[in-house]
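Visitor: Mind looking over this structure? Questions follow.
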């Protein structure tokens, strides 16, 4: 495990399914071919199979979660008023530290690629936030700002596309280290996992306060939080489902995954409060809009009465 957004499999589970022939690479006996090819995991029972499928659903939810907010920010154009920069900052910090943990604990290549994609979507959200904040605070339009934004996004895209390949090619250096150095690197990776969980938990608090301060959720997409809730919920389920298939200590397995379980389930609870805000403040918004619609219907009548009294 190296990221709270994508569940990996513990070495205790995967290692038991491999057999090592005298010559050549280890062979996966009775493993699921598509999982072996895609994730490099040897899955040979229904519990592990369900865990992988649920984990992929979790990953898919997280991959889609930021896209509705990107569209909402583009459509609304006032994202700096609706979203808290603290939410974006802590989300980005959580993904960066999660990526560090993923790399230091030598997780699967697909996990490295996935967390890099998360960082990319975070940069898009932050770029949108800064772009509209500068644009809306300026009294005149600046085409240079738009071109700078496009250039920044393009450069970030190229860098993030090349980054997974470089990291995967250099990951062999971590495997050839001495046992003492490798253990310290692994401990550092798990510390990064706990830091990522703290950042993910802190990310919801500024947005909750922002919504409370405005008494509105206008300008934010609920799909961002709904898909995140689905992702965190399925992530926790994928870890729990694999427990019956463990051949090692279940307590050790839970301890190794504890940091990411705290982060995912804790954020899931906080997102229920965000959901309550969307329900509560949507009623307030509809009440205000109906009140505003009723005002123009009264004003012409008053004006006509005044005119008649003058005549």
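Including glycine, each Cβ sits where the backbone N, Cα and C put it.
Note that TrEMBL annotation is computational and uncurated.
A quick note: this is a predicted structure, and the numbers were derived from the prediction, not measured.
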Visitor: For the feature transmembrane segment as recorded in TrEMBL, pick the matching range from 85-106, 283-304.
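Guide: So the range that TrEMBL calls transmembrane segment is 85-106.
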Visitor: Sequence gap of 6 or more, Cβ distance under 8 Å, 3 or more pairs: do the transmembrane segment (85-106) and the transmembrane segment (184-202) meet that?
Guide: yes
